[in-house]
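Annotated features in TrEMBL:
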type: TRANSMEM; residues: 12-28; note: transmembrane segment
type: TRANSMEM; residues: 40-66; note: transmembrane segment
type: TRANSMEM; residues: 97-115; note: transmembrane segment
type: TRANSMEM; residues: 156-178; note: transmembrane segment
type: TRANSMEM; residues: 190-208; note: transmembrane segment
type: TRANSMEM; residues: 228-246; note: transmembrane segment
type: TRANSMEM; residues: 251-268; note: transmembrane segment
type: TRANSMEM; residues: 288-307; note: transmembrane segment
type: TRANSMEM; residues: 319-338; note: transmembrane segment
Amino acid sequence: MAFHHQRRFDESAWAFAVILLQPALILIDHGHFQYNCISLGLTLGAVASICLHRDYLASVLFCLALNHKQMSAYYAPAFFAYLFGKSIRKKNPIFEVMKLGVAVIGTFLLCWWPFLHSRTAEAVLLRLAPLQRGIFEDYVANFWCASSLVVKWKQIFPNTVLAYLALFATLVSFLPSVVQQIRSPSHRGFLLSLFNSSLSFYLFSYQVHEKSILLPLIPASLLILEDFSLYRGMILCAMFSMFPLLRRDGLVVPYIATFALHLLLLNVPFLEKSLSHVKERQHPSLKYMSDGLLFTGCLIDLLYLLIEPPPRYPFLFEALNSLLVFICLVLIGLHSHIQQWSATSTHEQIDADKVKMN
């Protein structure tokens, strides 16, 4: 019994350290100086509120995150699906949905009130949809960038058409995750839905930035004790996908240092016994994929630093890096969707009687 409690403490302390010392967030917020910790922190508060059955507080916190950084919309389908799926199982579903609507609309009115009486409201709204910037910039590891090696999207379609294509692809990608949570809302399914929804936006939405990989990385971090292979694959994808950006910022040394220390943290020698059953839950396919990604990604980074690309292909290494990470993200996404749909067993679903009592 004492060993069991000690093991649980070691697991929790280790997971807490992994989340706090996540190198991708540290490098983006404190190296690239794109501050995401506020919106991500508010989102984590909303997730914690969901787990504590404080749905109205969760709605307010998520709306604050969304108004602080519109990138938080990557999580919106998961929040909607879970809260809607839970509400329709209560005694008065219409009334429950209305109460959530009041919380959401009230929070938005509070945030937007200063702009409603000024001439800056239109300018703010235009900033939320920068269509003129194109479907992607640089070499982000998503579908549009990776496939542009073969299909020159920007030359074939105008930005407005590409925006609709991106919207359609994103909706189709996260739809199964939303349907599952409406049908069978559960806390584990909600975390997986957060991951699947945000990854869908990263892979298929319009005008994705390299730092957007932080959004699927957060729910993957929260699932580390249940699916270590999911987190390991995601942190590798996040770090390798951001390397070209961090290199331009002169952050190669911090990148190597934080990356190496994090990999060491994931394999702490003196916690091997306590974390053995966590590591045993790794899915073989994701484990082998992550091993291959680690080797290949490090090789591309090394070539990127030491060798000049051919004049005819000045962005060769960025393109290879983008394609490699994109393929791995697709495999991870397929895995997580399968995991979410398998998270519908009776013991994981919300107790219907308890929901009705609330």
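Any Cβ shown, glycine's included, is placed from N, Cα and C.
Caution: TrEMBL annotation is automatic and unverified by curators.
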Range from 12-28, 40-66, 156-178, 319-338 with most C-beta pairs under 8 A to the transmembrane segment (251-268): 12-28
Stretch in 156-178, 190-208, 288-307, 319-338 most in contact with the transmembrane segment (40-66), if contact is a CB pair under 8 A: 190-208
Region pair the transmembrane segment (190-208) / the transmembrane segment (288-307), three or more CB pairs under 8 Å: no
